[in-house]
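Structure record follows, encoded as structure tokens.
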Amino acid sequence: MGDIMRPIPFEELLTRIFDEYQQQRSIFGIPEQQFYSPVKGKTVSVFGETCATPVGPAAGPHTQLAQNIVTSWLTGGRFIELKTVQILDRLELEKPCIDAEDECFNTEWSTEFTLLKAWDEYLKAWFALHLLEAMFQPSDSGKSFIFNMSVGYNLEGIKQPPMQQFIDNMMDASDHPKFAQYRDTLNKLLQDDAFLARHGLQEKRESLQALPARIPTSMVHGVTLSTMHGCPPHEIEAICRYMLEEKGLNTFVKLNPTLLGYARVREILDVCGFGYIGLKEESFDHDLKLTQALEMLERLMALAKEKSLGFGVKLTNTLGTINNKGALPGEEMYMSGRALFPLSINVAAVLSRAFDGKLPISYSGGASQLTIRDIFDTGIRPITMATDLLKPGGYLRLSACMRELEGSDAWGLDHVDVERLNRLAADALTMEYTQKHWKPEERIEVAEDLPLTDCYVAPCVTACAIKQDIPEYIRLLGEHRYADALELIYQRNALPAITGHICDHQCQYNCTRLDYDSALNIRELKKVALEKGWDEYKQRWHKPAGSGSRHPVAVIGAGPAGLAAGYFLARAGHPVTLFEREANAGGVVKNIIPQFRIPAELIQHDIDFVAAHGVKFEYGCSPDLTVEQLKNQDFHYVLIATGTDKNSGVKLAGDNQNVLKSLPFLREYNKGTALKLGKHVVVVGAGNTAMDCARAALRVPGVEKATVVYRRSLQEMPAWREEYEEALHDGVEFRFLNNPERFDADGTLTLRVMSLGEPDEKGRRRPVETNETVTLHVDSLITAIGEQQDTEALNAMGVPLDKNGWPDVDHNGETRLTDVFMIGDVQRGPSSIVAAVGTARRATDAILSRENIRSHQNDKYWNNVNPAEIYQRKGDISITLVNSDDRDAFVAQEAARCLECNYVCSKCVDVCPNRANVSIAVPGFQNRFQTLHLDAYCNECGNCAQFCPWNGKPYKDKITVFSLAQDFDNSSNPGFLVEDCRVRVRLNNQSWVLNIDSEGQFNNVPPELNDMCRIISHVHQHHHYLLGRVEV
């Protein structure tokens, strides 16, 4: 039911593992080719125990269930830090409890199971890992992994009988009936020759059949002590002494990042850009102090030496913070991940200096593929992770981390290299990975509800105004098929030269790689396609023949939207004439946007190719041209693309006349007109046009300073971030929360200081006047606000307008006048070039559909995709990136980084620690794979909802496989429960009971259940292991 996890019985766990492996060559969703095989001869020792890799899952969501531990092992985890247990083992936790959007926050800390159930999960995993090692990585040197027990939170609780039973059974389970039961179950399975033959294990028959008797009864020799934030020093020391003296366990004690002190922690977070993370100074007052820790650790190290045991520290615990995000319940939340790294590694440096590198350190605090090599090379080991495994790629990030470590020369290091650690601690304060800006704030999203089926989507495509086939053309570039890539681009994009330079690349703000490292440089790849593919593409290109039966089309305006419309329609055989009042085509791109942003020859390239399709251009046309006149000239369709070429300006008191409007200024600048602006120019506004004006003004002779004045803050600024950064690079200065009021003849510009109030209808906080003013000495002022369409001209043309003065159009841009369309900025105001092309595309698609013409044919590029190859990229982070100057290396890199999400998404599968979401291939759907949710495995942590690009929650909205009737009854999820020959099905809060035969076939399926029943049948026939028993 909902957040109640149902453990898998041991025998059923083995069935699940082997049946999935036989059916899919995967185990818990990890493909066989991505099972990690440790490098022979490289091991690490932790207090006398040997493990084949120094990495593993931290005590947390990845070590709570048996299947989580199995999955960790499959992907390279060999130091398994089991989830913390405590005497209070029946707490009810509010959900969701994880927010891993960037730095991670959580509101849970110990296992959600009772002590008995937790121990049982660890025992199942203990047996399963021994079996998997014998199957896939047999060795004469014994097991390659270490189980490390994690207990908390006070000595009184630890001494209670249930905790004592748990600890004792972890140390020696020989007398526990469960151990004998699981050994007998495993022995029975391995004595079955049919089972061994079915899985190709006959050659290992002898060693496998001897395995059950060899499995040790002691699961742990070490413990990691976890204490609550604010635990008194004497209590921490008492628990450590108890573990060393009474239990004889090698001990790590987990310490808090608060050891650095409030001022230092606050300083580090602020310097790294995480100033919004709220801290309570009094929390630091209650925590262990550094001087107390040093004294305590010295005593405990001496005690451990006396007892011939190991003792060290686990660095670090999470950081307690104020819950100010509103994403999780409660007043406090606990931070981990990359924001914790500079804190934890500096704690490690402080302690290592104090103990001259002789204090063993188990590490977990922002470890990832980007930091793990540096951590390991200091001599710190083991290294465990939780936050990084909650991101897309999931457990596969463990394998990627291990590949980073394989080439290290620090495997034999038996102490901490203090000098090296000091350097790393200093670097951690400035390295890109630890700075907040490393991960953009944009959330990858598809602004539609999560569908029940066929949910694989490339967010880059959905974010694109023209729905460019981005994954496909990137794959073609990676195969050096440049002309094919360009052909595919041209299917939807009439202006690749222009959009390769000045596209707002919404695709990059919605690239799945943002959850790994950085977005693909998609816009630059488009440039490469044109550069490398143009010659071959042009050679095989043929001018459209045209057709006498196609209706003539008139397009008013030869800017980006008009050019795109002409291209799409001429390509389909329509005779097209573009009517332009200027002496050239290109509109704002040609005449307004400064040429330092895009070379004129590239603009002309796109114009010339449109003309090559047979589009006619008539320049110098009368601005009084009307729809009626064009209709009278036998143009069946009329498209109006006149743009927004009017500035509203700004009303100022004062008598200074040196005020220019942005569009006339930029037009004169592009013409090369000698402009006299003086030394200091102020630009009012903060859109892209304002950025162009400020950058252009700085290039005018005599101008020494350009300042942008904006009445809101940087966060509300409408300019693209890229345009803002380029303006900064050019030397443009910015004054936010300032609004001009008066401009006097002596050059005094009076600015009203503003503050931010409540959000407006667009979500931007409204500027509110204060009583404060400031003045600047200014020579010229340029207003870059309020670009709008010329409503008088539109009225004169005969275009119907709505009550707000905008053209009255439908989704395709068609007006209330049949066959008359509005496209580009004139439709709804200033937008991007690619958005203008998008409006042209929608309008021309509507026309071509009316004419019974298919608008594009690119199916030939949608095949030949290997899901296994795509899946291979899922765990990898790009440590270093080549820039685009080396074109061949750049293309190879970006093609290898593309995750082709519309073919293999399964982010919800990746990020689920419990393996509660699965993807299976089901015939008969648009997507090759369908995603199912397994109710029994889910605790509703919310992590899959965080990373799903759709508006929805996979754990609530996907087809759910139920294992128990009570859980089906207590849920509202769409899904099904198989009960022998009956299947209970629920969809849209309506329920059915259907009959299913032994072959998985239904009779008399209601039409609305066709898709769901097709999936149920497929699961019944080919993935029956998903229907196995669970424990109540």
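From the backbone N, Cα and C atoms, a Cβ is placed for every residue, glycine too.
The [4Fe-4S] cluster binding site annotation in Swiss-Prot covers CYS938, CYS941, CYS944, CYS948 and is backed by sequence analysis. Secondary structure at CYS938 ([4Fe-4S] cluster binding site), taken from DSSP and collapsed to helix, strand or coil, is coil.
Taking the domain '4Fe-4S ferredoxin-type' (928-958) as a whole, pLDDT averages 96 in the prediction. Look at Swiss-Prot and you will find 928-958 tagged as domain '4Fe-4S ferredoxin-type', backed by sequence analysis.
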Cβ-based neighbourhood (8 Å from the centroid) of the [4Fe-4S] cluster site, residues CYS938, CYS941, CYS944, CYS948 excluded: CYS908, VAL911, CYS912, ALA916, ASN917, GLU940, GLY942, ASN943, ALA945, GLN946, LYS953, PRO954, TYR955
Cβ neighbour count (within 10 Å, all chains shown) around CYS938 ([4Fe-4S] cluster binding site): 26
Helix, strand or coil at CYS944 ([4Fe-4S] cluster binding site) [DSSP, three-state]: helix
CB contacts for CYS944 ([4Fe-4S] cluster binding site) [other CB atoms within 10 A, all chains]: 25
